[in-house]
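The structure appears below as structure tokens.
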Ligand code: G4P
């Protein structure tokens with residue numbers, strides 16, 4: 001294997017998806033700890049507490065330096081290089097959360113064993129489904145009185161439409177949680193909340209008398225359970241996993257470190273190395289000699305006065321090295337990248353080299369746009385970096401009408417950066433902002449004030465969702481005539497229907513059956 005290829009084969013780039021409070025932060029921290037990237041527990045959690053102590057954007061901004069570094073965490077584990085991409089939840093849920101999922105090769109889904117499948121998990125999973133991203137499931141909090149494991153698997157299958165292949169099976173739960181049985185290695189790891197790695201003993205074989213010695217009556221229950229589980233559940237099939245049809249399921253308790261190492265091993269052993277990526281003209285294989293990559297996220301830097309941004313680029317092929325000249329395909333400009341940032345756990349360091357699957361941060365002054373492709377020379381355009389139908393809308397009203405131009409410019413630029421989406425209704429001069437999380441509005445208001453010196457207020461706007469319209473000129477014109485105040489142009493001058501409610505949306509769809517009402521739109 002060439003050295004380029006072996007570097008690529010040892011990489012795993014993934015994100016964790018979950019509903020708030022399922023344990024993503026805890027799990028992230030434990031993964032970093034097992035990977036040796038942090039020494040002390042509490043570093044990530046402390047950050048999260050600081051982030052959520054207030055929803056005030058000023059406070060959040062102070063944390064932004066931190067959130068930049070915690071957006072990507074790279075650490076070595078078992079001869080592999082792990083890239084863990086953060087997908088923020090809670091109030092800071094934004095389109096970035098979705099777009100990050102376009103930059104990974106696999107995902108870990110955390111399910112709270114008490115609450116089962118929850119709303120945000122469903123949303124994030126639907127995004128993973130757009131690219132059939134393989135998903136490993138971790139059912140967390142087995143140390144609490146949980147729902148029956150079989151019921152949880154049924155729920156994942158029916159709500160998320162994925163087959164479940166249990167890899168481990170829990171022995172009891174809550175106070176009587178004793179550990180997990182691994183169906184593939186025929187071994188039992190016993191749960192010990194006081195042991196450093198969550199377990200103090202692992203034994204082989206369901207018939208091992210030590211099992212009876214340690215857990216008494218529960219041993220026979222386990223034997224019966226396993227017979228049932230083997231008969232009733234799916235056997236792990238790597239192809240089905242890789243095509244997103246099946247999810248291998250692990251049980252554990254992140255806070256107690258239990259089951260975390262098996263999960264990390266699963267990411268290394270089962271999850272794919274960097275995959276080929278589609279461009280408008282041809283697929284790009286990760287081991288192609290020439291460098292290419294795309295920008296999936298732009299984050300404003302700590303110092304707003306300098307309009308500094310970090311563009312997060314996923315390397316899709318070849319090797320990046322410090323000082324390399326790369327071409328921004330959209331403008332044809334060459335960029336000499338001397339100061340790209342890599343993200344080793346919580347430290348930002350200057351990057352010397354990167355391979356397919358790695359994420360590099362490129363500081364810039366707003367010249368790099370979301371969705372931009374960079375190559376050594378070839379005019380490629382990576383596709384599949386979408387905008388998502390917003391669920392929250394606001395009308396921007398300016399306090400000082402003399403500043404209308406700045407407002408328009410600011411909103412346009414912030415929309416290009418992906419901070420929010422901008423819609424201009426055909427029959428009014430309104431500027432409508434759309435977002436998938438409400439914190440995006442606070443961010444935009446704050447940045448308009450500080451970076452563009454514009455004071456805005458956001459008013460409510462009667463709209464529940466948006467759909468991009470695709471159809472014949474005649475149909476689009478008919479829709480525009482009929483729903484003029486609710487048909488708008490987006491940042492790319494595409495027609496969008498701003499639906500006041502679901503019933504209106506359904507009626508419009510029925511009235512114009514030949515028009516497509518799209519929930520996502522590719523950028524550019
Ligand atoms: P999130 O990032 O998905 O929002 O979840 P986070 O890790 O913050 O975990 C949410 C809550 O669940 C936290 O409790 C955390 O301690 C707890 N938790 C995580 N894993 C486990 C587990 O395996 N077992 C149990 N019993 N609890 C778990 P909190 O009270 O909200 O916060 P804190 O006071 O512990 O910081």
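Glycine is no exception: its Cβ is also placed from the backbone N, Cα and C atoms.
TrEMBL: automatically predicted annotations, no manual curation.
Mapped onto three states, the DSSP output places residue 21 (GTP binding site) in coil. Residues or ranges marked as GTP binding site in TrEMBL: 18-25, 86-90, 140-143.
Annotation source TrEMBL lists domain 'Tr-type G' at 9-275. On the 0 to 100 pLDDT scale, the domain 'Tr-type G' (9-275) averages 88 in the predicted structure.
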Fill in the blank from the handout: Within 10 A of the CB of residue 24 (GTP binding site), the number of other CB atoms across every chain shown is 26
Practice task
Please list, in sequence order, those binding-site residues from 18, 21, 24, 87, 142 with the Cβ less than 6 Å from ligand 1.
Solution key: 18, 21, 24
Problem - Other CB atoms, at most 10 A from the CB of residue 21 (GTP binding site) - result: 15
Exercise for the section: Specify the count of other C-beta atoms within 10 Å of the C-beta of residue 142 (GTP binding site). Expected result: 27
